[in-house]
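Encoded as structure tokens, the structure appears first; notes follow it.
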Amino acid sequence: MDEERDGGPQAAARLVVLAGPTAVGKGTVAAYIRRHHPNVWLSVSMTTRQPRAGEVDGVHYHFVDDEEFDRLQEAGEFLEWAVVHGRARYGTPRGPVERALAQGRPALLEIDLAGARQVREAMSEAFFVFLTPPSWEDLVDRLIGRGTETEEEQQVRLATARTELAAATEFDAQIINDEVSRAGEELVSLMFDPRSPSPRTSPGQAGPRTETTRTQLT
């Protein structure tokens with residue numbers, strides 16, 4: 001890797017927002033970047049939901065109760081927040097993001113579609129990336145394979161995913177998540193030079209589209 005991607009003096013303080021449909025693997029790609037690119041600062045969201053197996057407070061999420069979330073919301077401490085699937089609330093604390101950028105660190109926000117839209121209103125200079133599955137069938141397999149939701153919850157998430165996929169063209173670039181390491185490296189490349197999408201990414205509304213999936217997402 002060159003000096004810039006290793007976080008050397010040429011690295012720009014850029015905010016990149018990663019979003020995509022439910023179960024597409026946003027968290028897995030973000031975890032890959034956390035392990036392999038420590039120069040990239042990753043935002044840790046707050047949520048009122050209960051931790052899943054293997055999740056660590058302060059690493060995967062900051063788990064808080066409704067009272068604490070209310071307090072932070074009323075104080076204007078969130079860059080974005082949303083109610084997800086009609087249940088738990090998620091939010092991105094504003095302060096840590098602003099401090100990371102002020103320190104000159106490239107920053108990554110891994111959030112949902114509603115959150116990405118809020119961040120675009122608050123920080124339009126950010127670069128927005130949409131993570132897509134190789135196919136609709138692959139997305140269904142990933143969701144069911146997680147084994148963390150009831151059948152009813154799975155159907156809600158699948159319906160949400162269809163709506164989310166339709167919003168892909170709102171984003172500055174799209175990346176196919178058919179291999180975590182490859183998707184992670186492509187995202188890091190875009191963090192440092194978002195004007196030059198790789199052959200496997202496509203610009204959103206910034207230029208001509210290229211193929212982003214190997215099979216139709218229907």
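Even glycines carry a Cβ here, placed using N, Cα and C.
TrEMBL entries are annotated by machine, without manual review.
Database features (TrEMBL):
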BINDING   GLY20, PRO21, THR22, ALA23, VAL24, GLY25, LYS26, GLY27  ATP binding site
DOMAIN    13-192  domain 'Guanylate kinase-like'
REGION    191-218  region 'Disordered'
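Sequence features, as recorded in TrEMBL, placed on the structure.
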residue: GLY20; record: ATP binding site; contacts (Cβ under 8 Å, 6+ apart): LYS26, LEU113, PHE130, LEU131, THR132, GLU164, ASN177
residue: PRO21; record: ATP binding site; contacts (Cβ under 8 Å, 6+ apart): THR132, PRO133, LEU139, THR160, ALA161, ARG162, GLU164, LEU165
residue: THR22; record: ATP binding site; contacts (Cβ under 8 Å, 6+ apart): ASP112, LEU143, ARG157, THR160, ALA161, GLU164
residue: VAL24; record: ATP binding site; contacts (Cβ under 8 Å, 6+ apart): LEU131, THR132, PRO133, LEU139, ARG142, ALA161, ASN177
residue: GLY25; record: ATP binding site; contacts (Cβ under 8 Å, 6+ apart): LEU131, PRO133, ARG142, ASN177, VAL180, ALA183
residue: GLY27; record: ATP binding site; contacts (Cβ under 8 Å, 6+ apart): HIS60, GLU110
Among ALA23, LYS26, which are binding-site residues, the residue with the most C-beta atoms within 10 angstroms of its C-beta: ALA23
Non-site residues, in chain order, whose CB comes within 8 A of the mean position of the CB atoms of GLY20, PRO21, THR22, ALA23, VAL24, GLY25, LYS26, GLY27 at ATP: LEU131, PRO133, LEU139, ARG142, ASN177
